[in-house]
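Pulled the feature table from TrEMBL, pasting it below:
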type     : residues : note
TRANSMEM : 51-68    : transmembrane segment
TRANSMEM : 96-116   : transmembrane segment
TRANSMEM : 137-155  : transmembrane segment
TRANSMEM : 161-181  : transmembrane segment
TRANSMEM : 202-223  : transmembrane segment
TRANSMEM : 235-252  : transmembrane segment
TRANSMEM : 259-278  : transmembrane segment
TRANSMEM : 298-320  : transmembrane segment
TRANSMEM : 341-365  : transmembrane segment
Amino acid sequence: MNGSAEATRTRPLQISPGDLEAAHLDELIMEIEQRSLYYYQEKNKSLRARYTYGTIFLIINLCAWFIRDYAQKALALLPYVSSCGPEGSRCFHTLGVLRVSLGCFIFYFVMFLSTWNTMKLHEAQNSWHSDNWIFKFFLLVIVMVASFFIPQLYIQIYGEIARVGAGIFLGLQLVSVIEFITWWNNYWMPQNQSKQSCSFGLVMSIVFYIGSVCGIAVMYYFYGASTACGLNIFFISWTVILLIVMMVISLHSKVKNRGLLSSGIMASYIVFLCWSAIRSEPSHTKCNAHTQNSHTDWTTILSFLIAIGAIVMATFSTGIDSESFRFEFRKDEAKEEDDIPYSYGFFHLVFSLGAMYFAMLFISWNLSHSTEKWSIDVGWTSTWVKIVNEWFAAAIYRKLKM
């Protein structure tokens, strides 16, 4: 009896290969689930971070407006900063906007340099992009304050560079808009068109073209009623020619993605740019149907706030649209589970260029004169920038179609 009990105690535990495989499979499944949960949480954190950066950008825009219009009376400390000159004249109005813009540019450009090569969610740059908000807040405060200690000469040099950066931003925005129009056209009017989608696309095309024609008629009535308004008549008439050319190109048999829907949407966008350009003409011109009152009313304030919101939305929507700027052979690459949801580097680069863009709008692209309170993007320079932007948009659309 004692011998058999001793033999039982010393007998090794028998584990079948099947049990080992099952245990290993359970561990593997648990590891995959934990990894998927981690990637899901990191991806959501990254997506939420976009709105935080957008909110920061909005607050900086409001700070630039405050520095331009009201800070000279509200901030008594700045006149004692040597770089601000007598009575702080170099830290308010146009130069004040440029200083705020420079601080914003430096912050987002530092973020671009530190995240441009991020590819996977488990990399350290992903955590830097989505977390560490206290440290980034102090970084932002430091660069914003430091920009007011920079000598005037360097601020003026930055202003000249900002003109170029704002132009690049407008180009990126145009490509993003045209890519969205192309996607919308392909979605509602695919190659294997169903009758329902084709009918909807046709109806939407008619709506956009009717809207464009009405916009042209309204602009002729308000801004080109007199023969003395030759420049406005030229702007509007050239827009009509562009609309006709785009419609003809879209119906041509050799055109890629032909159809009236994309050209109809683009026609409305072109008309909007023309209207916006004419509205940017100085209020004292005789062919400008709107006048800026010496006092500030609620419509002026509302228009100004809408304009700031449009700046932030344009920057945000372009920043998250990195797919439109990838090479064709890379657009078809399948995304892996641990890939970042959008390009962090491109996102911050667009915001750094957006910092230059909002500076140009606040000072109406003019480095030597101050703008009126509650005004934005008004002046002949602003008008011509928008007209060139309109022509450039039509040229890019034609290039993508042919």
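The first residue you see is number 1, and the count goes up from there.
Positions of Cβ are set from backbone N, Cα and C atoms, glycine also.
Please go over these features one by one and say how buried each is and what sits next to it.
Residues 53, 57, 60, 63-64, 67-68, 71, 125, 128-129, 136, 139-140, 143-148, 150, 155-156, 158-159, 162, 165, 344-346, 348-349, 351-352, 354-356, 358-359, 362-363, 367 of the same chain lie 6+ residues outside the transmembrane segment (96-116) yet bring a C-beta within less than 8 angstroms of a C-beta in it.
Remote same-chain residues near the transmembrane segment (137-155) are listed as 56, 60, 63, 78, 81, 83-85, 90-91, 95, 98-100, 102-104, 106-107, 110 (criterion: CB distance under 8 Å, separation of at least six residues from the stretch ends).
Listed by sequence, the residues of this chain that lie at least six past the ends of the transmembrane segment (341-365) yet keep a Cβ under 8 A from its Cβ atoms are 43, 46-47, 50, 53, 57, 60-61, 64-65, 68, 94, 97-98, 100-102, 104-105, 108-109, 111-112, 115-118, 125-126, 129, 159, 161-163, 165-166, 168-170, 172, 280, 307, 311, 314-315, 318-320, 322, 325, 371, 375-379, 381-382, 385.
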Using a Cβ cut-off of under 8 Å, list the residues of the same chain at least 6 residues beyond the transmembrane segment (202-223) that approach it.
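Cβ under 8 Å, 6 or more out: 188, 229, 232-233, 236, 239-240, 243, 247, 259-261, 263-265, 267-268, 270-272, 274-275, 278, 287-289.
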So which residues does the transmembrane segment (298-320) touch in its own chain, when a touch means Cβ under 8 Å and the partner is 6 or more beyond its ends?
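Contacts with the transmembrane segment (298-320): 50, 54, 57-58, 61-62, 65, 169, 172-173, 176, 292, 342, 346-348, 350-351, 354, 357-358, 361, 374-377.
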